[in-house]
Amino acid sequence: MSGGEKEMPTNKERSPRYNRILLKLSGEALAGEEGFGIDPKVLDAISLEIGQLVGIGVQVGLVVGGGNLFRGAALQSAGLDRVAGDHMGMLATVMNGLALRDALERSNIRTRLMSAIPMSGVVEHYDHRNANRHLKNGEVVIFCAGTGNPFFTTDSAACLRGIEISADVVLKATKVDGVYNDDPVKNPDAVKYDALTYDEVLEKKLGVMDLTAICLCRDHSMPLRVFDMNKKGALLNLMLGGKEGTLVEAAQ
């Protein structure tokens, strides 16, 4: 289904390691230091990073979360229906997608925004055939509204979209530089993993992604890499053969 990881050194031609990627951005990442809302500086920084990838010929699909605009947990504990809460979360991802598309297009990067929920006149409805055509034409494609169904996380949506568009890898951007055996923020002695198998992630309960997302990647042999998006140039370095974060893939 997927092309898999290719280990290749950086070369003078700056040939990318991957032809097509699915990048998962959390909603919190868009909030920057504010912790809520959308930080224009973050949008500009993300646009710059993605523009560099497009410039070397990488086809980029994006899935964005919505946690910077809506968190359903507190309301659900107060009695909000889970399905209603999940639908509100999906709408938050659409707002983030609109902001991302605007930022990318202001940087002269041709971008499509596709929603799993039909929103005529606002965004294009998701169709994997059209998404593949857009990617082949060199356009960045942002996928929003999750899977379109409640009870599924945006991490699961990212893995699903990555599989559907035959991405070479799913890249999860986080606030830390990979996967650790404990929370590195709380435990300074936490040990980072350079590589893991899907089964090790599940057995060790490392919390890289939810169970559904990890199982999707495992069952379809989709490599997953967790890296620090806040590290300037990390994404481009990954594309050019550098080692960033933690790679999760099938056992060799």
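Using N, Cα and C of the backbone, Cβ positions are placed for all residues, glycine too.
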Residue among G61, G66, G178 sharing the UMP site, where Swiss-Prot lists D86, T147, G148, N149, P150, F151, F152, T153, T154 as binders: G66
Annotated region 'Involved in allosteric activation by GTP' segment (source Swiss-Prot; candidates 8-13, 32-37, 218-223, 242-247): 32-37
Intrachain C-beta neighbours of N149 (UMP binding site), sequence separation six or more, cut-off 8 angstroms: A116
Helix-strand-coil residue split for the region 'Involved in allosteric activation by GTP' (32-37), DSSP-based: 3 helix, 0 strand, 3 coil
Residue pair T153 (UMP binding site), G67 (ATP binding site) - Cα distance, angstrom, rounded: 11
